[in-house]
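Colleague: Among the features that TrEMBL reports, GTP binding site is placed at 15-22, 62-66, 123-126. The domain 'Era-type G' annotation in TrEMBL covers 7-173. Residues or ranges marked as domain 'KH type-2' by TrEMBL: 204-280. Here TrEMBL flags 15-22 as region 'G1'. Marked as region 'G2' by TrEMBL: 41-45. For 62-65, the entry in TrEMBL reads region 'G3'. Look at TrEMBL and you will find 123-126 tagged as region 'G4'.
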Amino acid sequence: MTEQTHKAGFVNIIGKPNVGKSTLMNVLIGERLSIISSKAQTTRHRIMGIINDDNYQIVFSDTPGMLKPKYELHKNMMSFVHMSLEDADVILFVTDLFETDEEIEDVIEKINQSGVPVLLVINKIDLSKEGQLDAVTVYWTQRIKAETIIPISATESFNTERILQEILDRLPSHPPFYDKEELTDKPERFFASEIIREKIFLNYKKEIPYSTEVAIEDFYEEEKIIRIRAIIYVERSSQKGIIIGEGGKALKRIGIQSREEMEKFFGKKIFLETYVKVEEDWRKNKNKLKKFGYDQ
Ligand SMILES: Nc1nc2c(ncn2[C@@H]2O[C@H](COP(=O)(O)OP(=O)(O)OP(=O)(O)O)[C@@H](O)[C@H]2O)c(=O)[nH]1
Ligand SMILES: [Mg+2]
């Protein structure tokens, strides 16, 4: 038998907010790396998730949903999207049964010009009504130059194996880019902050999740326990009151839910302390954004 060549490459997941990009990446890699919520603009960074096999290494990147920037924060989020257009071997363009190309025509143009093979993934087909998938397929094939169209349901893991096969067919021969033990490029404390951010997205309404950022001040790993001190930053003191809630109840709930999720994620006992601070208008301020790790 001839020796198989090793394949490796970057597969970048892009699309509008809320179409299910993070849900899909987690299903493909089999780990809950990216946070998920029913609200748009949940993901704010480029997050790598790696699949390692003897014969291949696929480096996925989950990215923030594509949008027209309204805040300085959005510009940073979109720069992660543009960066991931540049180093992709394969683009997974994810949409669902409901999204249109409104506001993202220029990025689609850039993808069409890029020469990178595009797999068009139509998600949430578990919600499909008669004829809807056909109509959506026609709509998107007129807009994006895709090599193939893959209808899926990420939440039901339906047809996601086909995505892997289509990727492997297009992955270049290359030695691995990362150690075969690696699962992501982000440090552990990043995931601790994301887990808290997810619980905030799930528990608060309107502007609160969008006005919030989480910073991990301390992350001490001991043999049997990880001790974490997190600061939840909001933009105004009125929001601080909402996050804490009556008698501290709301913040306590966030603490409990986050700790439980972290214990699953890190596989260790967690001691978590959370504090709330005001960092006025951090979403509009370049220096404050830099401090929070948006330094593109
Ligand atoms: N019915 C259905 N819902 C889905 C499916 N995939 C994702 N969702 C839901 O869609 C919502 C958004 O999912 P996310 O994975 O956070 O979407 P995203 O594209 O990463 O969103 P941003 O990070 O905001 O850009 C969540 O409520 C998911 O549970 C699916 O296949 N079917
Ligand atoms: Mg996301």
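Cβ coordinates are placed from backbone N, Cα and C, and glycine is handled just like the others.
Automatic prediction, not curation, is the source of TrEMBL annotations.
Burial and contacts for the listed features, if you can.
Modeller: Other C-beta atoms found within 10 angstroms of the C-beta of GLY15 (GTP binding site) number 25, with every protein chain shown included.
Long-range Cβ contacts of the region 'G1' (15-22) within its own chain (Cβ-Cβ under 8 Å, at least 6 residues beyond either end) map to 34-36, 38-43, 62-67, 93-96, 99, 104, 123-124, 154-155.
Note on the region 'G2' (41-45): DSSP counts are 0 helix, 0 strand, 5 coil.
Here the region 'G3' (62-65) has Cβ contacts under 8 Å with residues 12-19, 21-22, 25, 33-34, 40-41, 43-49, 77-78, 80-81, 84 of the same chain, all six or more residues outside its ends.
When pLDDT values are averaged over the region 'G4' (123-126), the model yields 98.
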Colleague: So if I take the binding-site residues (GLY15, LYS21, MET66, ILE125) and measure from each Cβ to the nearest atom of ligand 2, which come out below 6 Å?
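Modeller: Those binding-site residues that pass the cut-off, since their Cβ is under 6 Å from ligand 2, are LYS21.
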Colleague: Can you check which residue among the binding-site residues ASN18, THR63 has the largest number of Cβ atoms within 10 Å of its own?
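Modeller: Its Cβ has the most other Cβ atoms within 10 Å: THR63.
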Colleague: For LYS21 (GTP binding site), list the number of other Cβ atoms lying within 10 Å of its Cβ atom.
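Modeller: For LYS21 (GTP binding site), the count of other Cβ atoms within 10 Å is 31.
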Colleague: When you scan the chain for residues with a C-beta under 8 Å from the region 'G4' (123-126), skipping those not six or more beyond its ends, what do you find?
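Modeller: Distant Cβ neighbours of the region 'G4' (123-126) are 19-20, 23-24, 94-98, 133, 151-156, 158.
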Colleague: For the binding-site residues listed here (MET66, ILE125), which one has the lowest count of neighbouring CB atoms within 10 Å of its own CB?
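Modeller: Lowest Cβ count within 10 Å among the binding-site residues (MET66, ILE125) is ILE125.
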Colleague: Do any residues, 6 or more residues outside the region 'G2' (41-45), come within under 8 Å Cβ-to-Cβ of it, and if so which ones?
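Modeller: Residues 17-18, 21-22, 34-35, 62-65, 67, 73, 77, 80, 186, 190, 198, 201, 210, 293-294.
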